[in-house]
Amino acid sequence: MELDFGHFDERDKASRNMRGSRMNGLPSPTHSAHCSFYRTRTLQALSNEKKAKKVRFYRNGDRYFKGIVYAVSSDRFRSFDALLADLTRSLSDNINLPQGVRYIYTIDGSRKIGSMDELEEGESYVCSSDNFFKKVEYTKNVNPNWSVNVKTSANMKAPQSLASSNSAQARENKDFVRPKLVTIIRSGVKPRKAVRVLLNKKTAHSFEQVLTDITEAIKLETGVVKKLYTLDGKQVTCLHDFFGDDDVFIACGPEKFRYAQDDFSLDENECRVMKGNPSAAAGPKASPTPQKTSAKSPGPMRRSKSPADSGNDQDANGTSSSQLSTPKSKQSPISTPTSPGSLRKHKVDLYLPLSLDDSDSLGDSM
């Protein structure tokens, strides 16, 4: 006699399934709400990682560059070096980035960026070739509406008021600015390097900007030019001090400057042409000037024809010999202090001590 126990197997299978669900306390992992939440969180993190960050990059020390906007993502740049290489192709020039982009700083220079994860959405950064940040108002030439997080209504009013205040301040402060050539001498052991900087309304916008230009020109071993002194030992504190009576300034870096009288005195190498220097008084360019004046002015010609000399000149070669002998015999009235030649030499003597690098070329041109 055979009995059918199939219904007992189905009942045991159902009880085993119920027992397993009670032991876990959760339904099957494939159908649980926890698993769906985990999958959503993973996809969200993955999308955030691949989402591009919109940032702006500037050139170090370039106050006229409006910046370039980059969409930085891990898909576009596999590494931080790849980002630096791409920025080099986009921003490199011979003036501000001569060696390409090697460093990235925050907009205030307080921190150096070392990876793409440190870049933040909507922020601005400065690219540099060397490990030296130049403080410049990079964002003043940029329209702030490029960021999606900034309201447009407030930004449309702010630039107008800022532009009007800047223009009024510029008109008020630029009255004393005039074209002037100043000499900057690097502090340190003599002989010292000196450069000449032209200041006018296009180059002298502010005191900080002039210090930046002097830093680029003088190239101190200690870095940035922090202080400037006149030859009298007075510190230059504002833009107006450049347009006073002083034309020569001593540039000092971050190091502590020790006042010494020898630091404010120019040696023989730094002042090659002085008032009592005979090489400046009788240069090779002094002879053409008397010839031109003697040929055009009839006064010296009449004085040279004395009765004794005129007879000798007529016996030898006639009138032409007296004309040729006139420049040699009449150099004394031409070198008088009131003549144009002496005034021209006097200006060179006063001006050339300020030029240390190209005094010879200026003497020839003048």
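The backbone N, Cα and C atoms fix where each Cβ goes, glycine too.
Worth saying up front: this structure is predicted, and the values here are computed from it rather than measured.
As annotated by Swiss-Prot, compositional bias 'Polar residues' applies to 307-341.
Per Swiss-Prot, domain 'Doublecortin 2' is recorded for 180-263.
Annotated phosphoserine per Swiss-Prot: Ser47 (among others), in sequence order.
Around the Cβ of Ser90 (phosphoserine), 12 further Cβ atoms fall within 10 Å across all displayed protein chains. The phosphoserine annotation in Swiss-Prot covers Ser90 (among others).
In the three-state DSSP classification, Ser110 (phosphoserine) falls within coil. Other Cβ atoms within 10 Å of the Cβ of Ser110 (phosphoserine) number 8 in total over all chains. Among the features that Swiss-Prot reports, phosphoserine is placed at Ser110 (among others), with the record citing sequence analysis.
Annotation note: Ser115 (phosphoserine) sits in a coil segment as assigned by DSSP. Long-range Cβ contacts of Ser115 (phosphoserine) within its own chain (separation 6+, distance under 8 Å): Phe80. According to Swiss-Prot, the phosphoserine annotation covers Ser115 (among others), on the basis of similarity to another entry.
If you look up Swiss-Prot, you'll see Ser287 (among others) marked as phosphoserine.
What Swiss-Prot lists as phosphoserine is Ser294 (among others).
Residues annotated as phosphothreonine in Swiss-Prot: Thr326 (among others).
The phosphothreonine annotation in Swiss-Prot covers Thr326 (among others) and rests on sequence analysis.
Per Swiss-Prot, the feature phosphoserine maps to Ser332 (among others).
According to Swiss-Prot, the feature phosphoserine maps to Ser332 (among others).
Swiss-Prot lists Ser339 (among others) with the feature phosphoserine.
Feature annotation from Swiss-Prot assigns phosphoserine to Ser361 (among others).
Annotated region 'Disordered' per Swiss-Prot: 275-366, in sequence order.
A straight line from the CA of Ser90 (phosphoserine) to the CA of Ser110 (phosphoserine) spans 24 Å. Residue counts for the domain 'Doublecortin 2' (180-263) under DSSP, helix first, then strand, then coil, are 20 helix, 25 strand, 39 coil.
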